[in-house]
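Chemist: Attaching a single structure in structure tokens format; questions to follow.
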Amino acid sequence: MLRNYTISCRIICLVGMTLLFLLVMAGLSYRMTQTVIDEGTGLGREQLLHAQRARIKDVTHSSAQGLAALTQGLPEAAQLRIITDFVEKSRFEDDGSGYFYVYKGTVNAAHPTQKQLIGKDLGQTKDKNGVYYVRELSKAAAKGGDYVDFVFPKPGEGDVFKLGYAEAVPGTPYWLGTGVYIDNVDKEATRLRNTMHNIFSSTVRAYGLGFLAVLLLVVVPFSLLLLRSITRPLAQVTSLARAVAGGNLDVDIHPTGRDEVAVLEEGLRDMVGKLKTLIREAQQKSQEADNAAHAAQTAQTEAEQAGAEARARSAALMEAANRLEEVAHVVSSASTQLSAQIEQADRGAVESAQRLAEAATAMNQMNATVQEVAKNAAEASAASAETREQARSGADIVEKSVLSIGHVHAVSLKLKDDMGQLNAHAQSINQIMSVISDIADQTNLLALNAAIEAARAGEAGRGFAVVADEVRKLAEKTMASTHDVGKAIAAIQESTAKSVAAMEEAVSNVDQATELANQSGQALDGIVEKVESTVDQVNAIAAASEEQSAASEEINRSIETVNEMSRQTAEAMDEAAKAVADLAEQAQRLADLIHAMKQ
């Protein structure tokens with residue numbers, strides 16, 4: 001509620017409350033002083049009354065003792081004369097109201113002021129309060145002396161309370177009595193009270209005038225000066241805070257003094273400096289984030305292009321594998337055909353060997369058989385030559401495939417490196433985003449601290465609180481944008497990681513394909529060598545068959561030679577069959593490798 005009033009109003013209220021408190025304390029002091037005066041007056045009256053009691057007792061006792069000494073041994077009449085003469089002459093109190101009177105029992109024997117009472121029995125006399133004061137005084141004298149309070153007329157003043165004292169005169173039948181009017185004590189107490197009141201009043205007036213002079217000459221000017229020293233710097237700080245809240249961060253803030261306002265000015269100056277620094281850093285980090293995002297977009301485009309090239313190379317590799325598969329099928333088919341032909345030639349050679357015994361009688365049949373063998377050998381030679389050419393073509397294709405696979409391997413490695421660089425760039429961007437997020441957190445924290453300080457500053461910090469709130473909102477937006485960019489970078493990192501894993505698997509598969517292609521090339525080279533050996537052997541068979549056909553007339557003469565040649569031919573056929581079997585096995589391995597490459 002007090003925050004709705006200005007500081008100057010609150011200070012004025014504080015000074016007013018202080019003055020009001022001083023006035024209340026002065027009133028209480030006055031009241032307490034009056035109470036002290038009243039109490040002092042009461043105590044003074046009691047002391048005066050006590051002094052009067054002691055005085056009338058002492059004077060009565062000393063007078064009774066003196067009269068006893070004077071009247072000792074005298075007759076009663078002489079004693080009465082002496083006592084009466086003493087009573088007539090004795091007076092005390094300043095106004096002469098103090099005197100002695102003499103009674104014998106309750107009969108008055110001497111009275112200096114009321115002669116008409118002499119000789120009268122006043123035992124039944126009572127005052128207006130019903131006190132039989134003569135009877136009570138007689139009893140007091142008989143007890144050795146005592147006091148009696150009663151009301152008695154005072155000349156010129158009417159009935160007044162009177163304190164009486166009576167004491168017997170030793171050696172006589174009389175008792176001596178006296179009294180003092182209480183109004184004298186009251187007058188003395190009143191005089192004492194008036195004196196004390198006058199002293200207090202003069203003192204209060206003196207102190208009051210002094211206090212008023214100090215208040216008007218010192219307190220009020222000093223309060224106004226103090227109020228100005230507080231409100232004027234606060235107004236300046238408020239103006240500066242409003243300027244900062246309006247977006248003017250170039251205001252000149254020069255703290256002076258060492259009070260809280262100076263501390264507030266220093267805090268405002270430091271906050272403006274930090275705001276400038278944070279704004280510059282935020283702009284710089286925003287530019288860096290834009291650059292990083294552009295770099296990430298470029299890297300993503302390059303990754304997509306590299307992926308397209310990899311897919312194109314994979315398609316080329318699959319096409320080469322299909323071609324190799326066709327070559328393997330051709331080699332397998334040719335090997336099968338050649339194996340059949342070699343088996344047929346082998347059977348012919350065996351049959352020729354079996355019929356050597358009939359060579360003499362069946363020359364024509366042998367000649368036909370030799371011609372058939374020559375024909376088959378020629379066909380086998382042609383098939384072997386064709387197989388050799390196909391094997392060479394297969395070897396060339398495998399070599400080209402190896403080169404293509406090697407190129408794919410190199411491209412895959414480069415693509416893997418590019419993916420690694422892309423991942424590294426993404427990590428760098430993530431680190432930059434972390435820095436931006438930390439800066440946003442610090443900005444948010446500083447804005448919160450600034451809002452707290454502004455709240456502490458009260459009305460003067462309201463404009464600054466608006467600036468702190470805007471900075472906090474900007475920090476929250478920066479944190480939200482950083483979070484979104486972080487999610488995008490995380491997605492890029494996840495995709496890059498998957499691409500890197502896929503490329504690593506592709507590189508591994510390409511390495512295996514390269515190894516298998518190299519093995520296929522080596523196998524085809526072996527097949528070419530075997531086929532060339534087979535062609536040479538088949539050509540030898542063809543030449544031998546032609547020689548047998550041309551020199552059939554010599555067969556009869558050289559059965560042994562023909563038999564040996566038939567045996568050699570059978571062995572050659574076995575070797576050819578083995579070579580063809582090896583060729584078929586290598587072709588099957590090539591087909592398996594191609595099938596593995598396709599998968």
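Think of each number as a place in line: the chain as shown, counted from 1.
Even glycines carry a Cβ here, placed using N, Cα and C.
Curation plays no part in TrEMBL annotations; they are all automatic predictions.
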Chemist: Out of 283-311, 544-572, which range is noted as region 'Disordered' by TrEMBL?
Modeler: 283-311
Chemist: Looking only at the domain 'HAMP' (228-280), report the model's average pLDDT.
Modeler: 77
Chemist: Counting by DSSP secondary structure, give me helix, strand and coil numbers for the domain 'HAMP' (228-280).
Modeler: 39 helix, 0 strand, 14 coil
